[in-house]
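Annotation source TrEMBL lists transmembrane segment at 12-28, 34-54, 89-112, 132-165.
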Amino acid sequence: MEVFTCQNFSRLLSFVIILCMIIIGGVYRDDCPINYLIPVYLIVYGVFLLVPTIGSLVHGRKDQDETGGETEGGGSGGLGPDELMKSPVFSCVQGVVGCFLFAWFIAGNVWVYSAYPVVNRDNTTSTAYCHFVLYDFAFTVTTLVWIACALGLCAGVITVVCSVGKDGEDMS
């Protein structure tokens with residue numbers, strides 16, 4: 001019996017959101033004349049996030065198998081997933097993809113937030129029109145990424161402050 005952990009839930013939730021980015025961007029790709037790049041932003045960002053997310057899901061599944069579940073297979077003689085993920089080439093590709101995702105996210109911020117004051121969700125003939133599902137989803141996802149970054153930064157600062165305080169107590 002597999003235990004459904006918080007980490008598994010967050011991985012699964014990330015996977016679902018990323019799939020929604022690709023699907024919504026694809027379905028409404030021609031429904032945003034205010035900026036045709038908003039659906040492209042969702043599609044490309046989703047596709048490039050999908051690969052590491054699937055890797056995380058597979059790697060997380062492998063970790064669970066090693067700690068209590070049954071694993072199949074054996075030595076195939078080839079490069080396994082762990083060896084591949086630790087290779088310098090994989091690390092280099094991962095770094096390039098990470099830089100691209102950061103730049104693409106910033107560009108998406110410009111496209112999504114610059115349309116906010118003038119976007120029209122009702123009049124489909126307006127040049128300021130963007131389908132409400134597409135625009136609201138892009139706006140929400142982009143904002144949630146910023147919130148997650150802020151929470152991560154706060155957690156990091158709290159961790160550093162607590163560890164420095166703990167180290168100081170040990171010296172006394």
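Placed from the backbone N, Cα and C atoms, the Cβ positions cover glycine too.
Long-range neighbours of the transmembrane segment (12-28) within the same chain, counting only residues 6 or more positions beyond its ends whose Cβ lies under 8 Å from a Cβ of the stretch, are 39-43, 45-47, 49-50, 53-54, 56-57, 131, 133-134, 137, 141. Beyond the transmembrane segment (34-54), the same-chain residues lying 6 or more positions past its ends with a Cβ under 8 Å from any Cβ of the stretch are 11, 14-15, 18-22, 24-26, 28, 94, 97, 100-101, 104-105, 107-108, 111-112, 114-115, 118-120, 127-130, 134-135, 137-138, 141.
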